[in-house]
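J.: Below is the structure I would like to discuss, written out as structure tokens.
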Amino acid sequence: MDVSKVVSFSRNFAVLVKVEGPDPKGLKMRKHAFHQYHSGNATLSASGILLPRDIFLSGEVAAKVLFEAGQDMALVLTVASVVEPFLTLGHRTSSSISQDPVKLIPGAMIEIMVEGQLKSEKEAPFWVPAQLLSLVDVPVSSAALQSLIEASSGSKDSGWDIGWSLVSAANGSQPSINIEHYSKPLMQLDEPHNANFMAKSATRMAILGVPLSLLGQPSMNFASSSSKGDTLVALGSPFGILSPVNFFNSVSTGSIANSYPSGSLKKSLMIADVRCLPGMEGAPVFAKNGHLIGILIRPLRQKNSGVEIQLVVPWGAITTACSHLLLEEPSVEGKASQWGSEVLSVKSDASIPAQVAIEKAMESVCLITVNDGVWASGIILNEHGLILTNAHLLEPWRYGKGGVYGEGFKPYVLGAEEFSSTGSKFWEQKSQTLPRKAPRNHYSSVGENIREYKHNFLQTGHRDIRVRLCHLDSWTWCPANVVYICKEQLDIALLQLEYVPGKLQPITANFSSPPLGTTAHVVGHGLFGPRCGLSPSICSGVVAKVVHAKRRLNTQSISQEVAEFPAMLETTAAVHPGGSGGAVLNSSGHMIGLVTSNARHGAGTVIPHLNFSIPCAVLAPIFKFAEDMQNTTILQTLDQPSEELSSIWALMPSLSPKTEQSLPNLPKLLKDGNNKQTKGSQFAKFIAETQDMFVKPTKLSRDVIPSKL
């Protein structure tokens, strides 16, 4: 289904939630990325979704709640974080939801902005008063988020927090009415920062009541299941109260990157590969067929890098948490809810075969740990357990600060100082060890018959290398040995499993140069390591740039004719630490590149959407060797130095020859190296020949236009 149709339909449900109340000390806006503040009143905003009362609430509970509210109502679901600062003290300081009715402080009020088409006499969006009915915890989503946060508790620098990176937790500075300006530091109140509190706070929802007569009754379907890579559409209002006309119901599209728990049809939490901004928390997230997937919440933010991971609470988890309020079981996918007249027609999705191919290719991506200290990703090349990964995982000292390929190369990218080595620190919990699962089958390892290829860079010290495979719907840990590490410009290495449990799923490669602008999926274990219990994540983008080399590698398997071949891929898909060694896939699920690195700004900020991969055309000898793993000379040819490849991967391509240009009437100096004149005599001759030029200025031609700096 066309995304524009999904957007048009979903605008019936997306709303902007505004909460205003007295704040004489300027404390309500803390932990919020933006606000308005006038005459002692603070205003916050978030996004929300409009829902029908008769579907969401049971008759008995609805009568009680709506009787207390005083009128018949429709419902709005939003995040609790937008209303919690304005709750009475007892509800604001409690870590759990009180049984007593929730109340706002005196003078606080809630309004929602809805699309104009929901009221026939108004064409423009308009504000509707709302009342706070209830707060709801989502236990399964909270537990999932807590487990992700606690997985990094052993590493102080790589820990996680909840909230937007625009929020300054250190001094409390917040952007005010103008997005470009920040208010003065605010006094901070002590809050618990344990994982349980953060997870509960992030996943808590608020149910609002709005007059039903103002809103009409649109119709909606609810998605019963979603898979990684599925397209999603989010409608939210970033910085909504700062300019509702400009920001109301903005559209952001992306895909599902991962979900928790892995391998389960009932999702507790989803990780979204989508660009979002503050104020979009509470936004409804729809599938490509128009079914509601869930609600966007505040992101998970990495403390040391500021990287934001967008999170979605699935609709199924919300309905489970609200089971005491539900009138009936949520409608299954493909079945319309029994309210309203407009139903979005659902047609078969032609992209399903491609999605199946991508899901199959994801089984070829594994997780690699070295000495329980770092982890990265790897790619299964054949059924005998040959794994392709990056050399910097095994020999990081070769790719450290000060030059990736030697002292002469310093990779600067838009002022960048160095590549970000995408191997990531493992959680520093020495007492915990990774389990090794006994294999169901023992295949004789072909690696035993391989003559290990050694060179100066291959270290023979003890290293505990383990690979986590995802096969037969289970995870299996296997020890592995180093087979090959490239000693030249290519950041590649090969590992061999000591034993092969069951049947593996090798990757399928595409050796052609991918067209610019075509879809690129990056699959790997970025950010979330072995203790997080997540399968590989998938982030989508496009092929932004293909850097070609004019000379082929000097190999026996590749033609030695002078011709262009792809030497580097750049994509807009997000690449995070731990994702190196992952696969870049095209829309058919075929591998087109090996992820090596992303970019880092000179100030230290990582740029995940500027990343670099080795094209499969360069990796052709690796795939040739993987066929029978006998001809090790194929690997030796990769160690031949290539000045052109080195310059490309150092981000220092050879410069074009300089054209000799001279100023008008400027005599050409003698440049013959055999000229025996001293510097003084040459300078004297220069002054004599140019004496007239210094008497009066030469009028420049009109063709020469001065350039403004």
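Cβ coordinates come from backbone N, Cα and C, glycine included.
Straight out of Swiss-Prot:
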ACT_SITE  HIS392  active site, charge relay system
ACT_SITE  ASP491  active site, charge relay system
ACT_SITE  SER580  active site, charge relay system
J.: Just counting, how many other CB atoms are there within 10 A of the CB of ASP491 (active site, charge relay system)?
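T.: Around the Cβ of ASP491 (active site, charge relay system), 28 other Cβ atoms lie within 10 Å.
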J.: At the level of the C-alpha atoms, what whole-angstrom distance separates HIS392 (active site, charge relay system) and SER580 (active site, charge relay system)?
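T.: Cα-Cα, rounded: 9 Å.
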J.: Look at each of the active-site residues, HIS392, SER580, and point out the one with the fewest other Cβ atoms around it within 10 Å.
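T.: Across HIS392, SER580, these active-site residues, the one with fewest Cβ atoms within 10 Å is HIS392.
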